[in-house]
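Student: Sharing a structure, written as structure tokens. Questions coming.
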Amino acid sequence: MAKLNLSQVGHSLFAIAIIAIVYYLSARFALSITLLNHCALASVLYPPIGISLAAILLIEHPVWLGVFSGAVMSGRSLDQVNWLTAFLAATSNTLEVIVASQLLKQVEFSRLLRRVRDVLALIGCGAVLAPTLNATITTLTSAAISQPTELMNHWFASWLDSSVSILVFTPAIVVWGNQELRVPHSFRNSLKKLQPVLVGQRTIEFYIWLGLMGVWNGLMLTTSTGTAPIVQGAALLLLKYSPFLFVVWAALRFGQQRTMLCLLITSLSSIWGLTQIQQGNFQSSLFQIQIAIAIMAIITLVLVVTIAERKTVEAQLRRRIEQDQFLAESTLRIRQSLDVKQVLNTTVAEVRAYLNADRAHIAVFDEQGFTDVVAESVAPGWNPMLGTRSPRPILADIAVLFEQQSVRVNPNSDMTQNEFLKLYYAMYQVKASIGIAIWQEGQLYGVLNVHQCVAPRNWQDFEIELLTRLATQVELAIQQGRLYEKVQGFASGLESQVQERTAQLQQKMIELETLNQVKDTLVHAVSHDLRTPVLGMLMVLKRLQTKAEETISLSKSVLDRMVESGDRQLSLISSLLENYSQEPHKLSLNYQRVSIVELVDQTLHRLEPLLHQNQIRLEKQIAPDVPQFLADSIQLQRVLEHLITNAMNHNLPGINLAIQVEKAENEMKCTISDNGIGIPPDQCNLLFDKPFLRGSQNHHRTGLGLGLFLCKQVITAHQGRIGVNCEGKGANFWFTLPLG
């Protein structure tokens, strides 16, 4: 803090010294080239007042001390002025510029002088009101040595001196003092920038203007020496007022800065030229010259600012049109694609090209708060950021930056106080940046960043507005793109479901065709295979019936034929109904201690090749608290095998199969479930009925083998229960056995 204070004091003292020296030199120069009236002490043009006011407006340090010091030194340089008079004059001049600056601040005067109200404020407050104070104090201090009849002339001369000085010097210094001095990075770049300045069309026109001004000065000189007697009468009058034409020309053609310079040159030339040809009373001629210069300065200032305002409005309209056109074209290109990645790439490319920036990129946040740079457009020579990922979650840090507003503007990264941003700017060579938040469903989705890496940059309001409007379009495009992706995913899922349902329908058609074949086989078996042996046996019996004897003796051959026919019939019937419609006899159970864990493992081991062939994903959950119980292990194993193979036979390969065993009060419950095609609810109650079909390809296997009917018989014989749950996807077969 001490070093900072010493630095500020040093800058202030340096500024005060420079102002004092400039004030003294300009005052001495004005007094040395101007004829003085011994009573009025008035000069044609007194630069120090205008220079001092410009210095106070431009410099924040207390430079009024320099004004006071310079005024004291310039006053003491005159032989007739003592210290008291010098101090009074210095105080008067200092108060004048201080009052003028304060009045201008009260009316919100802008040093840029680009509004008519600023010019009017400078004229009213700076050139009319403030000089009144100086003229009054100066007149009062000289009242003792002046004649009463000369006091009014003295007051008017002092007021006019200050007014003309402020109108001529203050605008020129203020306008040129607002320009930033930039050090060129290379000599070649400096030449490229100077080339249009030195040889441009307006520059050549400015050279012509200077040449004509020199011709005017030459004519004034020849007229004053009598070497050009032709310049008389109306020609001389036109020559006197020619400076008005010069400043109007400058205001129309050269812009604000050069016009201020032209006004200064024209004023000095007019003073010199008109004093050369003045005739009659000097004081009267002096007033005429000063009034002419004041009027010329006011006309020039109002004209140049009016033109500047018009050009500003035109530039704003042009920028607005360009901005709307750019936004419309960008929006069209963005909306031509529903691909979010393409939308983001298009956005950064358009933004960097339009703003002539060094880098534009979009970073988005994931669910964990990490940021990924998903789109970037970068100028050659700068570190790329595309594909980079933050080393830690930074969503909270970024969200804090955009809590108040969705735009963060930084014209100079060196002035950044945020430690996170300092590290970020240093890593990617950022000198200036704009960040626009991108929102989705009320959450921070990402950030559109624009970087200037060469040097700091004062971002314009229209640039910020453009990025804000474009970010809104990007938000809408991202939202549409994400909705499109969801629709695509839904359509893909729907297509997959349609394919699955089509495959299931085809499978059902195949099963229906198989059932039709089974039906044909059954009809053929009944009409042919079963009918033939029955007819043969009936023929033998009817032949025996025709014999008259009450007791019939059978030969062994006839008996063999009857037995053979009966066996054949029984074989065919057994073959047809063995696995489908045969009601088992009362089972004879061989009870022994059974471990359900071992029983399940043995069953799965026997079925392992079949499980592998059907790509079954098996899940086994057996509660450890299930004790051993009395049961027929062989019959239970047949039940488990059938329920497992039944799930494989009636579903496509690749299903999930779960075996769950748990203890429920005094029972053991085993559940075998799959996620297959399931069973229609209207068929669940028919599953444990007697099947009756056989296939045409195999006369001994036509259906479910042992069948769910036999499974029910086995479980019922164990005093248990069996059933199936058909709700939801897949099928859940279960059975219970008592543990007592």
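From the backbone N, Cα and C atoms, a Cβ is placed for every residue, glycine too.
Remember, it's a predicted structure, so these values are computed and weren't measured experimentally.
According to TrEMBL, the record shows the following:
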- 339-473: domain 'Phytochrome chromophore attachment site' (DOMAIN)
- 525-740: domain 'Histidine kinase' (DOMAIN)
- 12-31: transmembrane segment (TRANSMEM)
- 43-63: transmembrane segment (TRANSMEM)
- 116-137: transmembrane segment (TRANSMEM)
- 157-176: transmembrane segment (TRANSMEM)
- 197-218: transmembrane segment (TRANSMEM)
- 230-252: transmembrane segment (TRANSMEM)
- 259-277: transmembrane segment (TRANSMEM)
- 289-308: transmembrane segment (TRANSMEM)
Student: Which stretch from 12-31, 116-137, 157-176, 197-218, 289-308 shares the most C-beta pairs under 8 Å with the transmembrane segment (43-63)?
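Tutor: Looking at each of 12-31, 116-137, 157-176, 197-218, 289-308 in turn, the most contacts to the transmembrane segment (43-63) are made by 157-176.
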Student: Cβ pairs under 8 Å with the transmembrane segment (116-137): which stretch of 12-31, 157-176, 197-218, 289-308 has the most?
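Tutor: Counting Cβ pairs under 8 Å, the winner is 157-176.
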Student: Treating G and I as helix alongside H, and B as strand alongside E, what does DSSP give for the domain 'Phytochrome chromophore attachment site' (339-473) in helix, strand and coil?
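Tutor: Output for the domain 'Phytochrome chromophore attachment site' (339-473) reads 48 helix, 39 strand, 48 coil.
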Student: Average pLDDT across the domain 'Histidine kinase' (525-740)?
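Tutor: The predicted confidence over the domain 'Histidine kinase' (525-740), as a mean pLDDT, is 74.
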